[in-house]
Amino acid sequence: MVLLSFSLRFIAFTLTITLTQIADGFQSRMLMNNGLALSPQMGWNSWNHFQCNINETLIKQTADAMVSSGLSAIGYKYINIDDCWGELKRDSQGSLVAKASTFPSGIKALSDYVHSKGLKLGIYSDAGTLTCSQTMPGSLGHEEQDAKTFASWGIDYLKYDNCENTGTSPRERYPKMSKALLNSGRSIFFSLCEWGQEDPATWAGDIGNSWRTTGDIQDNWKSMTLIADQNDRWASYARPGSWNDPDMLEVGNGGMTKEEYMSHFSIWALAKAPLLIGCDLRSMDKVTFELLSNKEVIAVNQDKLGIQGKKVKKEGDLEVWAGPLSKKRVAVILWNRGSASANITARWAEIGLNSSDIVNARDLWEHSTYSCVKKQLSALVEPHACKMYTLTRRKA
């Protein structure tokens, strides 16, 4: 009887632990299944161009420009406020407060304005005691309260940074905000920004909708190419609902040439990276708009198959990047990272096609089609430029 009683207690204990693990696992995956980020997020973020020089007028004007330019109609929906929007001290109730001098109407009024334009409003906080600017408090230890505050303001997106983190692992800090958002009563996109320090691709898919794989991007060729390579390492972890994030776009900020920005946008699109514009939308020039509004390139990024393309071939400075698309298509980039024009070739076996396949090759930047291409695709590519294609198999 004693043995039977012990056995029953052990079984009950084991069952309790197992059910708890199942429940915890289910809860951890619920945020990923919040119905958001079925394709990579598209929108705008204030940091790259404005850093702390932000106010509610700028955010409203940016929302206006997103609509009037036509960018919102092709998928750019998030207007994301980055660091420096809040007061240094919380209020008497312990809540975050919008900075009176720059956001006098408050975040709720701003959210209402952005929503009235058919857009979504994002905001920024930090999994530490202060944000990275050290001008406002972080959310560490205030996750539930801040998540409810964000929800009450109508926030749609949270970028969650990693400064002033007390030396605690992000694996301990980030799930707390994930659960808080889950319990906030509002579906809020959760963007983890721990700079790839603890390989978030391997664990963040159960916690958030995207995760930074790298440090901050800079508006220059060296930074952009380095980050593209670092992000490529984690390609197999991306999936609908959870994406690798190599940081925001620098297109239009002036530090690179047109060809370099074209390469930047093309690689980000193929890599299923978030397409978050980082320039001043109110004054972007024609070239910037044409790059950011290329519907054919954007379609690769937003393809419903949701498989991240990656580097498949490297010969010195000449590279081939490729990835599968829906309807058995393939996206291909021929990228010249060198200083002289060069021919680049992608052979069918290198990009997932059969040697017998005959394809139509659609040039996504020239908006032209090459019919009945066999065995390989070649092009002369200018320095720091790329060619981007979608390949569609022809029926026998």
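Just so it is clear, glycine is given a Cβ too, placed from its N, Cα and C backbone atoms.
Record note: Swiss-Prot gives D82, D83, E194, W195, G196, Q197, E198, R212, D216 as substrate-binding, and the candidate from K108, K117, K159 in that site is K159.
Here the candidates are C132, C193, and Swiss-Prot names C132 as the disulfide partner of C163. In the three-state DSSP scheme, W195 (substrate binding site) is classed as coil. Fewest other C-beta atoms within 10 angstroms, among the disulfide-bonded residues C52, C84, C132, are seen around C52. Neighbour counts were taken as the number of other C-beta atoms within 10 angstroms of each residue's C-beta; across the binding-site residues K159, R212, the minimum falls on K159. Of the recorded positions N55, Q197, N343, N354, N55 has the largest number of other Cβ atoms within 10 Å of its own Cβ. Considering only the residues assigned to substrate binding, D82, D83, K159, E194, W195, G196, Q197, E198, R212, D216, the longest pairwise Cα distance works out to 23 Å.
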